[in-house]
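See below for the structure under consideration.
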Number of protein chains: 2
Amino acid sequence: MCSLPVPQEPLRRVVVTGGTHGNEMSGVYLARHWLRTPVDLQRPSFSALPMLANPAATAVCRRYIGHDLNRTFTNTFLISKATPDEPYEVTRARELNQLLGPKSSSQAFDFLLDLHNTTANMGTCFITKATDVFAIHLCHHLQLKNPKLPSRVLVYQLSQDETYSLDSVAKHGMTLELGPQAQGVLRADLFSQMRSLVASSLDFIELFNQGTAFPAFEMEVYRFLGCEDFPHTEDGDLAGMVHPQLQDRDFEPLRPGTPVFQMFSGEDVLYKGDSTVYPVFINEAAYYEKNIAFMKSEKLLVSIPALPGLTPVPTPLT
Amino acid sequence: MCSLPVPQEPLRRVVVTGGTHGNEMSGVYLARHWLRTPVDLQRPSFSALPMLANPAATAVCRRYIGHDLNRTFTNTFLISKATPDEPYEVTRARELNQLLGPKSSSQAFDFLLDLHNTTANMGTCFITKATDVFAIHLCHHLQLKNPKLPSRVLVYQLSQDETYSLDSVAKHGMTLELGPQAQGVLRADLFSQMRSLVASSLDFIELFNQGTAFPAFEMEVYRFLGCEDFPHTEDGDLAGMVHPQLQDRDFEPLRPGTPVFQMFSGEDVLYKGDSTVYPVFINEAAYYEKNIAFMKSEKLLVSIPALPGLTPVPTPLT
């Protein structure tokens, strides 16, 4: 797989987005707080821009109004011609692409950190592309800074797929996913944790901007493999639910033959895959409509190359 | 306070409602299951009718479409003249009142059991009127049948207030509230627990119908006192959140001077009441829009009179 080039210059244009999903409250209220009080996002070499990504959905406390914004940053949507009846989020994605991109261009923001919550028991999860070496160094930095916090890295990109999430608009990016937290609820513990992880992320960018080099390392990552649907009745209704033995077991190994669903009739459904997988986003509220009971990942040990320090700009002779 | 008269005849017309709030999934999926497979709700002396109370909100997995259905069963709404632009739930409340009531009439259903979930850490909670001796005997029966299940009784009616909830349409009624469960999520553990509590409730009605008398007893109940709002900024936004020391502590004593909110600025806000209260519905997702951070209750020991057995109808001489 190709790696994105590592930055050759300081990252000056950094954005922290909350409310990409309007009912994921940690990011919504952090973004609102920073819009009033931006001092937390200032560092000597840059200031991160706080942004509420989907203000219309946030105002009504829903994930989205017409289309999931975090699935809308494909070229198809971004270069489509505006129409009067398009979903709100298609218009908004185009606006955000103008403000923060254009995607894949040299004008794009240097880094985008997107803040999310899940109803799944995922703890702290960093989601990024396998090819974004800069972002993976950031994940590693956050793990080293928070040794007591169980945090995992989920790499989410199938080789042939076009990226579709908000963080793909910038040159480098990461999604921070904290759970479990119910939609529409703001928990003080997760709010503080997210605030502190954002601060450490900006500190990492500052270190890089100041010329710090980061050595190579090995890291455990979970790589997205595919999705598992719920059991359904013939007329398309749910026929069962996530098995109590699977509920809340995100990132734990799921072996073939283990119960995954409990039917309303009482019967257990066993996992039919032919190898052990690591489920994530188990029983996420927003994924019922996407027919996803959980996502499957594999656990890998990967070698990440060093992130070279920036070459100091020579001071002109006087 | 006046007591509702205890039933003098067997309860033949019993209804179990789910989806009064369309994103509280245990009741939604139990109701859907029973509509396909009603055998669970059959007893020798009666069959309970399963019903999806708010099908429109359930179809889009929202609490409500235009107005909270569980606040719509007041005389003002029920006797109002239909208008073309009234909220969906006002129309639906009138329909349900025709089907299951009319409220306060001799034609009303004998018992209505309404199934709910909360995002608060309330465990199993039975909500009923202090005056409904029949329903309180049912709560006591459920507690005796489930000694390992922490379950509490919340009596919710201020003396001057008109009742407004769906269960007030029937002659006797109870709301079953299970949590914590995120909106839009179906947890197998809570689903099974709700199913089993409904079965025990129907068994209790069957026992009563068969002539069983239930003795007087003393019981701990939590009586609703009032609501506590979140701290707000001058422009009406949230300025803080439920304090981590209060989060998940439903039904535990809250003493004056204890932290209740953590401001986004970092400062703690202490509880200013002049006596100990017992908070419930702490940080319930649906109550942000109602400006309720938690409800306050007092804990009381109450004496409940015996529920006399039905007088057997004399068998006609042949």
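Glycine is no exception: its Cβ is also placed from the backbone N, Cα and C atoms.
Between the candidates A:H33, A:H67, A:H116, TrEMBL assigns the Zn(2+) site shared with A:H21, A:E24 to A:H116. Around A:H21 (Zn(2+) binding site), the same-chain residues at least 6 positions away in sequence with a Cβ under 8 Å from its Cβ are A:N54, A:A57, A:R63, A:Y64, A:D68, A:L69, A:N70, A:H116, A:N117, A:A286. Cβ crowding, taken as the number of other Cβ atoms within 10 Å, peaks at A:E24 among the recorded positions A:E24, A:H116, A:E177.
A coil conformation is recorded for A:E24 (Zn(2+) binding site) in the three-state DSSP classification, outside any helix or strand. Taken residue by residue with DSSP, A:E177 (active site, proton donor/acceptor) is part of a strand. Straight-line distance linking the Cα atoms of A:E177 (active site, proton donor/acceptor) and A:E24 (Zn(2+) binding site), rounded to a whole number, equals 10 Å. In the domain 'AstE/AspA barrel-sandwich hybrid' (A:218-299), the DSSP tally of helix, strand and coil residues is 3 helix, 35 strand, 44 coil.
Other than A:H21, A:E24, A:H116, the residues of this chain whose Cβ falls within 8 Å of the Cβ centroid of the Zn(2+) site are, in sequence order, A:G19, A:T20, A:N23, A:G27, A:R63, A:N70, A:L115, A:N117, A:T118, A:E177.
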